[in-house]
């Protein structure tokens, strides 16, 4: 008996050791470039320590006067981070609900179209979107904000999977029939019955859309629009320190948000789009 | 066009008012997804005089294009394999800890951010660290380990691989963690009761169960690296050693006439590769999800 317990304990100790060694090595690799960035942004021209870069970054007035690109890019990305999830939700939630209720025959086609962007990398999408954006520019003007149309396509597969899982978990048909029989119109069904029931899925889909939007470079750069990433790229050529500092601040901020969310019962891996592709787990039978 | 497709989806039945509800979605997807896809597919076969031609597809045989494709495939394959192995070991290590412990929260949150951290910021962070002025380069030089002053960072088969690993490993952790967490302790106990060693357990029980998830993750990592543009664009300023960079080049340079449609042919080539890998992924994932029931 005690021999078996001794064996267990030895196994545990080996496992603990293994865990700490692996985690330490990988985390060191993860932290090296971040430490490099921190080191780089806290040096002045003479190689001495200085907090110049970071204090400039905190000074909104200095940023907007000395780095107009950064200001433009930041504002554009902020706008995109609102517009992209908004269009995505307006497009997907009603359509997916409606398809479940009234036109179930179209569900395979909707799924196919939503997952199609997985096989179309952003760089390929740019090639195909060039003529389409010529029209967008013609009708709506050249503002960066219209990139949101393309970003919605990029988030489509991940948002679809999230919302599909949410809608699958509730009985859309019964809920809407109950509401309809009590005299609710379709709008009421959508806003007051369906939406509150899938709010977790809606939140995680929107979160993904925001994360993807803030990190997008390919489309914006090739269409010569300035969003946050493009601004960082442009700045990297003139004032690399500020650019690296913005990147680092952005990363630390996202990490703090995610880490806090993990305690608030947020969903695991919510920001990595590709991870959300996994099919929803089947219920144990 | 969308109408005909819709009608086919309903097996030829008469469209009713219910169909109106899905019109906005189909209209949007047609304009921003279907048309761009068709532009790429058909553009690949159109010459700059507007007639049908195979010249663009033939141009894919150019040494510059084939080497770009080859580099892309090697870069994606190497970083996918290395990222998958390291990420899987890390996932297993994390899964042996407490399920709600700080360590797991820390690693998953960090990975969630880093898997998304590709692009400009990542390229600059590596430049700040490993370029001639970077602190690790100085550290290595003073230790006598570094000879060429950080130039290796710009090479597609050296620096870029390291940079790509930086977002591949976290992605593998996130994708693979649910699979290793699905391993039930009872399975190991059962193997032990029947006299199996740790090796036998991994060889006969855990290995076969995890294999589809592992290969699925590997394929996902491959497409992730294969379609990445931003990181390479920010790091490589001369030439276009990778397929995405070559495509980007045909868009921004207006030097050679008709080059545009060669870009579409390259884009089509890329879609074909990604589509094959993604299809394999979907099939494998279906197989893998069988064991994910908890």
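Every residue, even glycine, has its Cβ placed from backbone N, Cα and C.
What TrEMBL says about a protein is an automatic prediction, not a curated fact.
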Between the ranges A:39-62, A:135-158, TrEMBL assigns transmembrane segment to A:135-158
Among A:244-264, A:265-285, TrEMBL marks as transmembrane the stretch A:244-264
Under 8 Å Cβ-Cβ from the transmembrane segment (A:17-36), and at least six residues away from its ends along the same chain, one finds 248, 251
